[in-house]
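Colleague: Structure in structure tokens, see below.
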Amino acid sequence: MVLIRVLANLLILQLSYAQKSSELIFGGRPCNRNEHRFLALVYSDGNQCSGTLINEEWVLTAAHCEGNKMKIHLGVHSKKVPNKDKQTRVPKEKFFCVSSKTYTKWNKDIMLIRLDRPVSNSKHIAPLNLPSSSPSVGSVCRIMGWGTISPTEVILPDVPQCANINLLSYSVCRAAYPEYGLPATSRTLCAGILEGGKDTCAGDSGGPLICNGQFQGIASWGSTLCGYVREPALYTKVFDHLDWIQSIIAGNTDATCPL
């Protein structure tokens, strides 16, 4: 089975395939306080996701993180002990690849959010640049988030967890999930540890996949049992959506995503 890693009302919704909109990093360690200045904690309708600040006014996350009463928190490390420079925003506008907000297991799970007002750079807040090149298979990638740290129950950490995983060939994910008939090509990335033990999980959806220092992916979906052997996760490929992202930010709200 597959998990769309969303943490709904602090419960993992286990569907026939579920997305990671609310996952914690399974098999990780607490992130360094200063290594995730771009990481956003996103809440909507009782669900938890992550996002990535790409400039003072825009955040990227997963489309399946969409919900009402959304709040976006920046500058967060410990949930219990807020940083003095924490800033909270709500969406001014949300943009999706398609007007119906639909997405598939292999395409269009991306949402671009314009904040109601810009955030200020600070000790714990700074944007992450968009990628300048496409990632290579074999790259070491960093994942992070406040999602559950257990594959079988909801155990949420106070601080974000970080872990290193590997960028794998997309064919590995096709082979791992034959029941979903993934297409031969896709605008998603396949990443994980084939031996298992490290993965995004429920509550981590929408968070970044950072490969060799570049923001390359958005946590989308994966195995119901996070970190399971030979069942890596899939991430929306940021590089393939650069034209769409940059066009929207420039004011061309009619821009369309790549097919």
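A Cβ is built for glycine as well, from the same backbone N, Cα and C atoms used for every other residue.
Heads up, here are the entries from Swiss-Prot:
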- H64: active site, charge relay system (ACT_SITE)
- D109: active site, charge relay system (ACT_SITE)
- S205: active site, charge relay system (ACT_SITE)
- C31-C162: disulfide bond (DISULFID)
- C49-C65: disulfide bond (DISULFID)
- C97-C257: disulfide bond (DISULFID)
- C141-C211: disulfide bond (DISULFID)
- C173-C190: disulfide bond (DISULFID)
- C201-C226: disulfide bond (DISULFID)
- 25-250: domain 'Peptidase S1' (DOMAIN)
- 1-18: signal peptide (SIGNAL)
Colleague: List, in sequence order, the same-chain residues at least six positions removed whose CB sits under 8 Å from that of C173 (disulfide bond)?
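Modeller: C173 (disulfide bond) has long-range Cβ partners L182, T188, C190, P232, L234.
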Colleague: For C49, C226, C257, listed as disulfide-bonded residues, tell me which one has the smallest number of other Cβ atoms within 10 Å.
Modeller: C257
Colleague: Which state, by DSSP, holds C211 (disulfide bond): helix, strand or coil?
Modeller: strand
Colleague: Out of C65, C97, C141, C162, which of these disulfide-bonded residues shows the lowest number of other CB atoms within 10 Å of its CB?
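Modeller: Among the disulfide-bonded residues C65, C97, C141, C162, the sparsest Cβ neighbourhood within 10 Å belongs to C162.
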Colleague: Roughly how many Å separate the Cα of C226 (disulfide bond) from that of S205 (active site, charge relay system), to the nearest whole number?
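Modeller: Taking the Cα atoms only, C226 (disulfide bond) lies 12 Å from S205 (active site, charge relay system).
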Colleague: Taking only the recorded positions C31, H64, C201, S205, which one has a CA atom nearest to the CA atom of D109 (active site, charge relay system)?
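Modeller: Nearest candidate: H64.
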Colleague: Of all the recorded positions given, H64, C201, C211, which residue's CB has the most CB neighbours within 10 A?
Modeller: C201
Colleague: Considering Cα atoms only, can you say which of C31, C65, C201, C257 is the nearest neighbour of C211 (disulfide bond) among these disulfide-bonded residues?
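Modeller: So, spelling it out, the nearest of the disulfide-bonded residues is C31.
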Colleague: Express the distance between the Cα positions of S205 (active site, charge relay system) and C162 (disulfide bond) as a whole number of Å.
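Modeller: The Cα atom of S205 (active site, charge relay system) is 14 Å away from the Cα atom of C162 (disulfide bond).
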Colleague: I want to verify one value. Collapsing DSSP to three states, which class is C162 (disulfide bond)?
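Modeller: Reduced to three states, the DSSP call for C162 (disulfide bond) is strand.
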Colleague: Enumerate same-chain residues with a sequence separation of six or more from C31 (disulfide bond) and a Cβ-Cβ distance below 8 A; give 'none' if the list is empty.
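Modeller: Once residues fewer than 6 apart are set aside, C31 (disulfide bond) is near H77, M144, V159, P160, Q161, C162.
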Colleague: State the count of C-beta atoms found within 10 angstroms of the C-beta of C190 (disulfide bond), not counting that atom itself.
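Modeller: Around the Cβ of C190 (disulfide bond), 24 other Cβ atoms lie within 10 Å.
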Colleague: Between C257 (disulfide bond) and C65 (disulfide bond), what is the CA-CA distance rounded to a whole number of Å?
Modeller: 18
